Amino acid sequence: MHPPSRQDYVSISFAGQGSEGYNNSKQWRRQSCWRKWNQLSRLQRSLIIFVLILLLICGIASYPAVTEHLNGLKEREQDTNHNSVLRPVIPHVLPEPAKPAQPLLPKPTSQRKLFNKRGPPVLQNRLQKKGNASDTAAEDKAADGKKKGEEEGVISWRGAVIDTERATEGIKDEENNDQKAKSSKESETSRLEAVQAAFRHAWKGYKNFAWGHDELRPLSKSYSEWFGLGLTLIDALDTMWILGLKEEFEEAKAWVATELTFNKNVDVNLFESTIRILGGLLSTHHLTGDTMFLDKAKDIGSRLMSAFNTPSKIPYSDVNIGKGTAHPPRWTSDSTVAEVTSIQLEFRELARLTQEPHYQDAVAEVMKQVHKLDGKLDGLVPMFINTNNGQFTHQGIYTLGARADSYYEYLLKQWIQGGKKENQLLEDYLQAIEGVKKNLLQKSSPNGLTFVGELSHGQFSPKMDHLVCFLPGTLALGAHNGLPADHMDLAKQLMETCYQMYVQMETGLSPEIVHFNMHQGSTRDIDVKLADRHNLLRPETVESLFYLYRFTKDRKYQDWGYEIFQNFNKYTKVSSGGYTSINNVRDPDYPSPRDKMESFFLGETLKYLYLLFSDDPNLISLDQYVFNTEAHPLPIWPSTA
Ligand code: DMJ
């Protein structure tokens, strides 16, 4: 008897030709296969089944490898896309920022590996658990006691990978740490060198076109005169010393020794010449031990003393250093509060070095009077003080910006300079910070940036000068010296705000003044008025970044500073030498150079950037030095007790 399959075969052949069979093709094919199968011998069928089972086993075995490969491809694709995404406008307020292209430390290797491992979901979960630090004990147990279980339960490819990792884990961690240390050292060195290069570039312009004059005008390749005392050169002396620029320092020193004379019939501003010239000379004397700088400091210091010959003993703003006479500005008999209260560090130090107490007495008298004056609001001072009657004038306006800023800074710093003994200074400082919190601190909309506004006759204005960005650093310095920890919290919040004042501008450079939005529904936190769009290469933000980095060791502050530094290089560097202030931080195509390099760019901005990028806490230790408001480090007095 013919096997039925054979008949079926014949019938399939015929039916296959017809359109009917085509119409019913699925059923037709199923029947046809079945018939074919039945036509095969038992041996043939066994063979086919064996081959199929073999294929199935191979398929299962190779599934994880194939999916891992595919997922790996997908991941790489995503990485590439991610890298090409532009940074959000407000990286640190909105989603966490894409890290700057620079250094940065590689992600912890164990975590990175974790996500590269692919496998069926159950296995993946186990791997993820393994990567979780809180599961360490359980994992160790598994590693020790369940070696057999691992071998039993898991396909060999996975076991092999894990074992390899385990065996080399310790070594890899060490390698990674070495690698991290190496790359952060490299990044430190390259940033420090970049600041040195910037200084040299600035110096080149000054040397070629403005040598011995007050300020470089880099575009017109000339100079401007304010006091006619080589202001930039003196302001930059200790910066060159700190940056290790010996050659430049020696040239400048020779000029100070042979050319600088204060016996000149010129009017100088008491505050500006104290913080830049007296402060610069005193600090350079301390760093170098060279008494020539001290002699020069004594010379200018003694000439400035005529400013204190006023009915109230509150000093005049202007002094003729040649004639030994002083006077207020032509239009008023007022002095600025910040000016008369931010000369103390320098004159106190001069008194200590010369053993001539009248320098200290004169500036202490100012502090004593200001301490007692009416017209403060919760420790906040008005902006003007009258040199005849010693009273505050133009009362009712309170700011931490221009004309009041460094009053607060010097309360704290005098207390530190004198060994934390002068309680009145500390009390005034603490009260003032409470006054800031109560009257001037607000949050912006929509992103809640903490800022310090101004108060005018009870009316709050959300205006903040870039000058206020000294405050995060000062608050952090206070907290470092034992003042309340919430000062550090506030310092961090304000630091973020000051950084945002840069990041949110098209050039990445802050304007001179910003206004914060406070009303609900605002789309951006910061507005800038047309007249406030300039940037004078000011230091306050990088100054505070330096303090914050020193005290927290959080590298983000270095990275923020590096971004700012790069933008100075991008928008303010003049190719023939020097850097320039600009008129418009909102126009990266034409920031409109002002043709002036302020002396504080070399005295402060580049110095603070260098100190910020250095990981050496002993490079001007904040436990040994206190910086004056022009970034000239003066020693904290040794304790006599
Ligand atoms: C500097 O002269 C000092 O930092 C001063 O305290 C404020 N103004 C400039 C820098 O902005």
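Yeah, the Cβs are placed from backbone N, Cα and C, and that goes for glycine too.
Small disclaimer: the values here were computed from a predicted structure and weren't measured.
Feature annotation from TrEMBL assigns transmembrane segment to 46-66.
Per TrEMBL, region 'Disordered' is recorded for 95-190.
Marked as compositional bias 'Pro residues' by TrEMBL: 97-106.
As annotated by TrEMBL, compositional bias 'Basic and acidic residues' applies to 138-151 (among others).
As annotated by TrEMBL, compositional bias 'Basic and acidic residues' applies to 163-190 (among others).
Following the DSSP three-state reduction, the secondary structure of E272 (active site, proton donor) is helix. Under the heading active site, proton donor, TrEMBL lists E272 (among others).
Per TrEMBL, the feature active site maps to D405 (among others). DSSP classifies D405 (active site) as helix under the three-state reduction. Long-range Cβ contacts of D405 (active site) within its own chain (separation 6+, distance under 8 Å): A338, T399, D465, L467, V468, F470.
Under the heading active site, proton donor, TrEMBL lists E512 (among others). In this view, E512 (active site, proton donor) is surrounded by 20 other Cβ atoms within 10 Å of its Cβ, with every protein chain counted.
The active site annotation in TrEMBL covers E540 (among others). Every protein chain shown contributes to the tally, and the Cβ of E540 (active site) ends up with 24 other Cβ atoms within 10 Å.
The Ca(2+) binding site annotation in TrEMBL covers T629. DSSP gives T629 (Ca(2+) binding site) a coil state; it is part of no helix or strand.
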Pick out which of the recorded positions E272, T629 has the most other Cβ atoms within 10 Å of its own Cβ.
-> T629
Integer Cα-Cα distance in angstrom, E512 (active site, proton donor) to E540 (active site) | 11
Relative to ligand 1, which of the recorded positions E272, E512, T629 have a Cβ found under 6 Å from one of its atoms?
-> T629
Three-class DSSP assignment, E540 (active site), comes back as helix
How many Å separate the Cα atoms of E272 (active site, proton donor) and E540 (active site)?
-> 16
